[in-house]
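Visitor: Features from TrEMBL:
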- 6-31: transmembrane segment (TRANSMEM)
- 13-304: domain 'G-protein coupled receptors family 1 profile' (DOMAIN)
- 40-63: transmembrane segment (TRANSMEM)
- 83-102: transmembrane segment (TRANSMEM)
- 122-143: transmembrane segment (TRANSMEM)
- 169-193: transmembrane segment (TRANSMEM)
- 248-268: transmembrane segment (TRANSMEM)
- 288-307: transmembrane segment (TRANSMEM)
- 365-388: region 'Disordered' (REGION)
Amino acid sequence: PSIAQEVVGLFCMVLLTLIALVANTGVMVIILKTPLLRKFIFVCHLCVVDLLSAIFLMPLGIISSFSCFNRVIYSIAECQALIFLNICFISASILTISIISVERYYYIVHPMRYEVKMTIRLAVAGVIFIWVKSVLITVLALVDWPQGNGATSASRCTVYWSPGAHKEVFVIIFSIVCFVLPTIIIFAVYCSIYRVARMASLQHVPAPAQTVVPRHRSDSIDSQLAITTRNLPLPSLIPERFLGSNKAICTLVLIVGQFLCCWLPFFAFHLHSSVATGTVSGGHGEMVVTWIAYSSFAINPFFYGLLNRQIREELARLRRSCLNRPLGQEICLSVSEASVQENFLQFFQRATCTLETHTSCISPSPRNRLDQTKVGFPIPGQVPEESS
């Protein structure tokens, strides 16, 4: 590539690295600092993994991607360590995303079971499972490596160039365990969540208009009109339901699509290069797919951290404390926003939260009290819980 292309590529890589460092650090600090958010263990763990990737993998990826670093030489042990970190962090990040998806599914579809069984011990066991599985997969990549005091250039110290005798077997297992299975899990889970949320938007939204008016037959016309308007404006019921459905589809496409866009090229490239015969050097193709995958480390804190309403609220409080501005409407959503405009997103944004987080607004305004009463409503499509 030309010098201009290398400069643009270097700028994009440095920018992605900085975004990953700042965003993951910010979300992680917010979660650890706020007691009500400490139940976001897997989101915090994802930020830790992505932060470690931004510290170790992305700078080393910059070194291995440009010709100006061709003189950088790694020993066999250093190259093994680099590939170990690469595969281990990638596996841990993807497996954490899969567990977050399953956790959200249980919180929405099996809320009572989630509240009982989702303990700190289970969360810690999940984190240990992630790292054990990641390390085992990584060890497989380092089987039958050449021993000795040899050396290799930075550009050749990658998964594509790894000289292991069982590289083909590793790449197939790596692709199935860390991409194919997580993709199936994520897609199935979010389709189930979408189905539950869509049933809720179709069945729960028109309920106030049907139940409020008969119960207040003796009230004045003005009070009936005020109650009906406060709960949900009837003229906008159909377009709001339509917008909520579109938002649900867009959210599902964004979450699943982001995962596929980041990781499909990476695994497809390595799977094809290891299985196909007569392949040539990885060259710039490997660099492109690797950095598309690395972009996930910068995107994840936005999709799995800042998408959550409680984390956004805490960031708004932090901004308010820095600027000395009143909360106003920065924190608590209005009733219409919570029930219609956030129709589908609120299922994701409230995922992995305990019931205490519904009282996280500063003042017990009528708006907040009304929002808190929604906790007791059954969500259409939820699996009935067995009483123990």
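A Cβ is built for glycine as well, from the same backbone N, Cα and C atoms used for every other residue.
In the displayed structure, how are the listed features positioned relative to their neighbours?
Guide: Long-range contacts of the transmembrane segment (6-31) within the same chain: residues 37-38, 40, 43-44, 47-48, 50-51, 53-55, 58-59, 61-62, 65-68, 291, 294-295, 297-298, 300-302, 305-306, 311, 314-315, 318, each at least 6 residues beyond the stretch ends and with a Cβ under 8 Å from a Cβ of the stretch.
Listed by sequence, the residues of this chain that lie at least six past the ends of the transmembrane segment (83-102) yet keep a Cβ under 8 A from its Cβ atoms are 42-43, 45-46, 49-50, 52-53, 56-57, 126, 130-131, 133-135, 137-138, 141-142, 157-159, 162, 174, 177-179, 181-182, 185-186, 189-190, 259, 263, 293, 296-297, 300, 304, 352.
Proximity of distant same-chain residues to the transmembrane segment (169-193), defined by a Cβ-Cβ separation under 8 Å and at least 6 residues beyond the stretch ends, is recorded for 87, 90-91, 94-95, 97-98, 101-102, 104-105, 108-109, 133, 137, 140-141, 143, 159, 252, 255-256, 259-260, 263-264, 267, 270-271, 274-275, 347-348.
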